[in-house]
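K.L.:
Sequence annotations record features per position, and here TrEMBL assigns active site, nucleophile to S178. Sequence annotations record features per position, and here TrEMBL assigns active site, charge relay system to D352, H383. What TrEMBL lists as domain 'AB hydrolase-1' is 85-369. Annotated signal peptide per TrEMBL: 1-17, in sequence order.
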Amino acid sequence: MISFRLLVIVVSGLILGSQRVLVAGTFARSSVVRSILDRSLAEDAKLTAPELIGKYRYPIEIHKVQTTDGYFLEVHRIPNSNGVPVLLMHGITDSSAGWVLSGPKKGFAYMLADSGYDVWIGNARGNRYSRRHRSLSPRLPMFWNFSFHEIGTYDLPATIDYIIQNTGYPKIHYIGFSQGTTSFWIMCSQAPEYCNKVIVMNALAPVAYLGNSKSPLIVALSRFINQLEVLATLAGIAEFSPTRELLAASGAIACNDKAVTQALCANSIFFIVGYNSEQLNMTNLPVLYGHVPAGASTKQLLHYGQYVKSGLFHHYDYGRIRNLAVYSQPTPPAYNLSRVTAPVALHYGLNDWLTVPKDVKRLASELPNVIAFRQIPHPRFTHGDFMFAIDADTLVYRDVVRIMREAEQKYPISQTKPL
């Protein structure tokens with residue numbers, strides 16, 4: 001009996017001892033992994049979009065596109081000469097980086113590249129990658145005298161033509177998020193021939209009408225949009241671009257997993273676009289704050305504010321007197337959505353505080369060629385979730401790729417010349 005008890009004690013001691021060693025070893029390994037992850041996140045927050053893509057072993061090309069009104073746009077390409085080209089256009093204050101910040105297997109640009117597409121990621125005028133003009137310096141207010149009207153009128157046509165010229169494909173896929181959809185509607189309404197250069201347009205969180213927006217901050221500011229425009233003009237604030245280095249440093253300190261202020265970083269996002277903590281990758285917040293905002297004009301923000309106030313989809317409203325000079329009428333003309341004849345797939349979220357389902361349904365009713373009207377199958381899916389949700393790959397992107405494949409079968413295309 002004594003020997004049996006001794007055996008039990010010895011065996012128990014060995015088991016407990018081995019468990020302590022195992023726990024200690026696991027803790028040591030997890031600490032090492034955590035340290036490596038922290039360093040990688042800090043690096044990702046500081047890298048440019050091309051550097052980020054290269055870091056994760058994807059090929060990367062940097063292209064320069066000049067618009068007819070003199071802006072130089074930087075387009076980032078994950079090349080595949082055998083793939084159908086697809087153009088990704090970001091939302092307001094974002095950049096090409098937004099499509100890759102979630103990392104390989106999750107970032108949409110990576111998923112498209114893995115699916116065999118020739119991926120082109122656009123940058124609208126005014127963001128950190130497109131701050132050059134043939135004669136204007138970004139230090140001058142005139143450089144910033146643009147809205148998403150000019151992005152749709154000049155930037156998108158120039159970028160699409162450049163891609164077609166350099167790939168030999170007569171048509172491309174287009175995927176826009178938020179402002180990337182607004183500018184597309186404007187492009188087609190102003191130059192409908194560009195609808196014929198698009199296989200299918202997938203619109204993520206599509207924006208045209210904002211009259212029912214529920215974002216507390218946006219709605220509150222829109223009530224004073226005229227006063228804000230006057231103040232911005234008097235103060236000479238033509239550019240909206242908080243210092244990126246300061247934001248990156250602040251994000252690294254205040255938004256990391258160990259920071260007690262991390263919840264504030266998350267709530268600052270939720271307050272604008274809608275609340276969905278389940279889908280926000282909190283660990284990735286320092287990377288997000290290192291790249292967003294990437295720059296925009298004050299006029300872009302004011303233009304959207306006008307939409308919230310008016311409930312309409314129209315050219316920039318300069319006020320009655322200047323409208324008469326610019327448009328020959330006292331009110332800004334509406335964009336003609338019936339001219340957007342390209343096949344369009346609309347993807348919207350139920351908890352999107354910016355572009356709510358009611359406004360998306362109004363948009364759908366005015367577009368002549370809607371081939372898909374898709375509610376994201378998640379009850380709390382928000383505006384920002386289209387870009388950064390943990391499960392965006394399964395909730396959104398897989399269906400977008402499916403729609404693209406189906407469109408290629410329905411509207412077969414091929415290269416018109418060798419690369």
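Positions of Cβ are set from backbone N, Cα and C atoms, glycine also.
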K.L.:
Once the chains shown are all counted, how many other Cβ atoms turn up within 10 Å of the Cβ of the residue listed as 'active site, nucleophile'?
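P.N.:
That number is 29.
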K.L.:
Within 10 Å of the Cβ of H383 (active site, charge relay system), how many other Cβ atoms can you find? Include all protein chains, please.
P.N.:
27
K.L.:
State the Cα to Cα distance, in Å, between the residue listed as 'active site, nucleophile' and H383 (active site, charge relay system), rounded to an integer.
P.N.:
8
K.L.:
Cα-Cα, whole number of Å: H383 (active site, charge relay system) versus D352 (active site, charge relay system)?
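P.N.:
H383 (active site, charge relay system) to D352 (active site, charge relay system), Cα-Cα distance: 5 Å.
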K.L.:
Counting across all protein chains shown, how many other Cβ atoms sit within 10 Å of the Cβ of D352 (active site, charge relay system)?
P.N.:
28
K.L.:
Within the domain 'AB hydrolase-1' (85-369), what mean pLDDT does the predicted structure show?
P.N.:
93
